[in-house]
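First the structure, in the form of structure tokens, and then the observations on it.
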Amino acid sequence: MSKKYDAGVKEYRDTYWTPDYVPLDTDLLACFKCTGQEGVPKEEVAAAVAAESSTGTWSTVWSELLTDLDFYKGRCYRIEDVPGDKESFYAFIAYPLDLFEEGSITNVLTSLVGNVFGFKALRHLRLEDIRFPLAFIKTCYGPPNGIVVERDRMNKYGRPLLGCTIKPKLGLSGKNYGRVVYECLRGGLDFTKDDENINSQPFQRWQNRFEFVAEAIRLAEQETGEKKGHYLNVTANTPEEMYERAEFAKELGMPIVMHDFITGGFTANTGLSKWCRKNGMLLHIHRAMHAVIDRHPKHGIHFRVLAKCLRLSGGDQLHTGTVVGKLEGDRQTTLGYIDQLRESFVPEDRSRGNFFDQDWGSMPGVFAVASGGIHVWHMPALVTIFGDDSVLQFGGGTHGHPWGSAAGAAANRVALEACVKARNAGRHLEKESRDILMEAAKHSPELAIALETWKEIKFEFDTVDKLDVQS
């Protein structure tokens, strides 16, 4: 009998380190950044990750004889050094597709980032990327509508969509909240938004907010002749309550609802996405709590993984950071996971942080949402970075206008249309940004005041989580 059936404790690398293995098209592939305890060989650390995230346990057990672990086990098939980091290395692991329930992002993450992150042989562990096989993608529900359908629903084409978060995000009564929504929408925005932590608090119960927002949208649509929307946050303490709120939004004729997908959970998110498709509603996704998981460069889950998982779980819009605003995120990394949200096929490109080719098949794309510390001076860079299939959201950059929210919205709309017109004429937005905006401001006093107000506001901090690439 083979030694693999001998009783006792074995080194993980004897079973789970398989450098000769050639991954199958149907394998789910994962790249982990590993930092092992001192004195533990890389192969043992990597094999331990493969074991603990698939079929392994610390001891040989008799029940292994009842199945074929060689078929079901995860296999570490490659190890690479991390550029500029002598302590860490990349471990590439292949998992057979049968380890995962069809269409369940919850199950995939439970396996890949479950107990293994508490393993004593590791000082740090980070899930950098996942290659989802097309066979798995076809079992996932994906975005309830996607980019093309959303544009048709809102009747908006040829430019990024424009939005803002209502401020102050907490403390307003339902009526005053609706008033701010109206001011922003009549000023020229396409969307306004609940912030992530506005649910149903004593100062503003959710039914009250929904009703006043619906009235504000109807008035703004009548005044402007444009389709408008507001992201009504239906995140709740139970799934039943979440669906009750979504149903009420539908009854009011609202086009879109919102969910905090990390705090709410992937199971709730997938269920809500299915409901939205069935009921003809758009779904905006906020990423609240993501930085707890993704910001440490050596431990956690990279946001590109969360973005991929969200596309599979379902959402029509997802916050991605801004590059130029107040939130973490360098340009190349951000472009890398924006590609994962919108494209049908994304090739391996380490300069953008993509470790694998990713084929999305026919799955609809997701709008990238730029939000957090942005204002009119950022508009040329935002249009360049994010392109048309994006939502640019200015919270303080709308409400902070000296003339009020309507004027702030008008300034942003004029700046956006000026940038799109200049781009379409072949001008270089970032090199000519000042000239483009100042020319537009000659015909818009709202924009002129906004440019003067925000001219000194910058968020120039180094990125904590940088790409691991050789210079």
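Going from the start of the chain as shown, residues are counted 1 onward.
Keep in mind that glycine also has a Cβ here, set from the backbone N, Cα and C atoms.
Copied from Swiss-Prot, the annotated features are:
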type	residues	note
ACT_SITE	Lys167	active site, proton acceptor
ACT_SITE	His286	active site, proton acceptor
BINDING	Asn115, Thr165, Lys169, Arg287, His319, Ser371	substrate binding site
BINDING	Lys193, Asp195, Glu196	Mg(2+) binding site
MOD_RES	Lys193	N6-carboxylysine
SITE	Lys326	site 'Transition state stabilizer'
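Projection of Swiss-Prot feature records onto the structure.
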residue: Asn115; record: substrate binding site; contacts (Cβ under 8 Å, 6+ apart): Glu52
residue: Thr165; record: substrate binding site; contacts (Cβ under 8 Å, 6+ apart): Thr192, Lys193, Asp194, Asp195, Ser371, Gln393, Gly395
residue: Lys169; record: substrate binding site; contacts (Cβ under 8 Å, 6+ apart): Asp194, Asp195, Asn197, Ile198
residue: Glu196; record: Mg(2+) binding site; contacts (Cβ under 8 Å, 6+ apart): Asn233, Thr235, Asp260, Thr263, His286, Ala288
residue: Arg287; record: substrate binding site; contacts (Cβ under 8 Å, 6+ apart): Asp260, Phe261, Ile262, Phe303, Leu306, Leu318, His319
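If you compare every pair of Cα atoms in Asn115, Thr165, Lys169, Arg287, His319, Ser371, the residues listed for substrate, the longest distance is 37 angstrom.
Taking each Cβ in turn and tallying the other Cβ atoms within 10 Å, the top scorer among the recorded positions Lys167, His319 is His319. Each residue in Thr165, Ile166, Lys169, Asp194, Asn197, Ile198, Tyr231, Asn233, Met258, His286 lies on the same chain as Lys193, Asp195, Glu196 and has a C-beta within 8 Å of the C-beta centroid of that Mg(2+) site, without being one of the site residues. According to DSSP, Thr165 (substrate binding site) sits within a strand segment.
In the three-state DSSP reading, Asn115 (substrate binding site) counts as helix.
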